[in-house]
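S.K.: Before I ask anything, let me first share the structure, which is written out below as structure tokens.
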Amino acid sequence: MRTSPAAGNRPLRVLLGASVLANTGDGVLHLGLLLVVARLTGSVDASSLVMAVTTVPWLLFGIPAGMLADRGRRKALMVSADGARAVLILGIGAAAWAGVLSLPLLLGLAFLVGVAETVFNTSAETVLPTVVPASELTRANGQLATTVRVAGQFVAPALAGWLTALAAPVTFLVAGAGYLGSMLRLTALPRDAGLTALSGGAGLVGLPGGAGLVGWGGPGEPAEPAGRVRVWTGLAFLARGRVVRVITLAGALTTLANTSFLALFVVYATSGPLRLGDAGYGVLLSSVGVGTAVGSLTAHRAERWFGGPVVLCATRLGWGLVFVAPVFLRGVPLFAAMTVGSCLGGMWGVLTVTIRQRLTPPEIRGAVGGAYRAVIMSAMPAGAAVGLLLQRLLGTPGTFLLFGAAMVVLAVPVWRAVTAERLPAVEAEAEVERAGRLPRTRSRAARSGQ
């Protein structure tokens, strides 16, 4: 029996523990903010504004946060981000005790905490490949994704609802305590854990595209120069490598479809054809969350058994099943289909972040990760608007069917980009490139591999 990569890996255990605490704080804060704003203003528009403000930092600061992670000490950045969030939230808690809370104050809190979140999450993603071997990277990413989901989407919402009902200041106090706990946990990371920006990382395993290292600061080549050009480094890397370009676009389109789906599904499920009511809707979403968590945790096994390309294509079919199941199914079959579909879909995030970590040179992992998150997050604001437009044109069932068909279509370019037939030639050329024996001009094999 294979042991967990965290079993004998203290830095990984520290990182997982800190992520649990920080994401519990995130979940308590985000839902607590919505509840407090609703109580303070009684306005749906105000609650929607809070949700919108939480996405803005990723659009504005996702790329700069990645650049910062590439240039600085990532452990120090994560500790500083946690400390800043704790101070901000505890300050708001004090304002709540004093009875001086206002909507502008809460919006400012949401924005500033979101900025710190970009620094923490981008740095954490770049740290992981430095503390686990390449062979365990998928499994470690799955563990990290599962802890984030369980803490942020299961434990924290229930805790936030209870705490806010008790007293708003207590909600902020507990959220701040989560960030403080994460900060203290991160101080236990050893100084030699490879947490500097230019430390080595995991090697290329299991998927083609390594030839994309040419010209991006790989071994034998100069690193990206500092200055203004670094702002575009992450986006340029995502655009020029075929594998990362396809998974980025597929991820953005899936995010857009999922945001649109959720905007329409709440009415469709509660008072529409499904007639689940509020409680049934909550249980159904929880089953989807459970499926996604299970998929994240088992992605490494699926990759080992079936291969990365097959699993990546199956993830698109999984989300397609989630989107179309409400049109055809009711009751237990609906719950089962959406749980299974989300389990397959949940493997996508784990495998794609692993691919990016394997294919990205260590010195620009932060820039690439920040750019990827900025692209994905940019699809969210458009999602609700697209969903409403399609609903007027096609109706809700027609919109769900269109999203399901789109997922099936997306599986085709994903397969073509990551299919295993080109793997041996691309890996061989990537090894030569890493040894610094190839010029910057790509061969035909490398170009096809990307």
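Placement of Cβ uses the backbone N, Cα and C atoms for every residue, glycine included.
Here's the feature list from TrEMBL:
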{"type": "DOMAIN", "residues": "11-422", "note": "domain 'Major facilitator superfamily (MFS) profile'"}
{"type": "TRANSMEM", "residues": "12-37", "note": "transmembrane segment"}
{"type": "TRANSMEM", "residues": "49-68", "note": "transmembrane segment"}
{"type": "TRANSMEM", "residues": "88-113", "note": "transmembrane segment"}
{"type": "TRANSMEM", "residues": "159-181", "note": "transmembrane segment"}
{"type": "TRANSMEM", "residues": "246-269", "note": "transmembrane segment"}
{"type": "TRANSMEM", "residues": "281-299", "note": "transmembrane segment"}
{"type": "TRANSMEM", "residues": "306-328", "note": "transmembrane segment"}
{"type": "TRANSMEM", "residues": "334-353", "note": "transmembrane segment"}
{"type": "TRANSMEM", "residues": "374-394", "note": "transmembrane segment"}
{"type": "TRANSMEM", "residues": "400-418", "note": "transmembrane segment"}
S.K.: If we skip the immediate neighbours and take only residues 6+ beyond the ends of the transmembrane segment (400-418), which ones have a Cβ under 8 Å from one of its Cβ atoms?
M.R.: 207-209, 242-243, 245-247, 250, 253-254, 257, 260-261, 264, 308-309, 312-313, 316-317, 319-321, 323-324, 326-327, 355, 390, 394
S.K.: Taking the transmembrane segment (334-353) as the first stretch and the transmembrane segment (281-299) as the second, find out whether 3 or more Cβ pairs fall under 8 Å, excluding pairs closer than 6 in sequence.
M.R.: yes
S.K.: Other than its close neighbours in sequence, what residues sit by the transmembrane segment (281-299), given a CB gap under 8 Å and a spacing of at least six beyond its ends?
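M.R.: For the transmembrane segment (281-299), the list is 138, 141-143, 145-146, 149-150, 153-154, 266, 269-270, 311, 315, 318, 322, 334-335, 338-347, 349-351.
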S.K.: Examine the transmembrane segment (374-394) against the transmembrane segment (159-181) and state whether at least 3 Cβ pairs sit under 8 A, considering only residue pairs 6 or more apart.
M.R.: no
S.K.: In terms of Cβ proximity under 8 Å, which residues at least six beyond the ends of the transmembrane segment (49-68) contact it?
M.R.: 30, 33-34, 37, 77, 106-107, 110-111, 114-115, 117-119, 122-123, 230-231, 233-235, 366-371, 373-374, 377-378, 380-381
S.K.: Same chain only, please: residues at least 6 beyond the ends of the transmembrane segment (246-269) with a C-beta under 8 Å from a C-beta of the stretch. Say none if there are none.
M.R.: 238, 276, 280-281, 284, 312, 316, 319, 322-323, 326, 348, 352, 355-356, 372, 375-380, 382-384, 386-388, 390-391, 396, 399-400, 403, 406-407, 410, 413-414, 416-418
S.K.: How does the model score the domain 'Major facilitator superfamily (MFS) profile' (11-422) in terms of mean pLDDT?
M.R.: 81
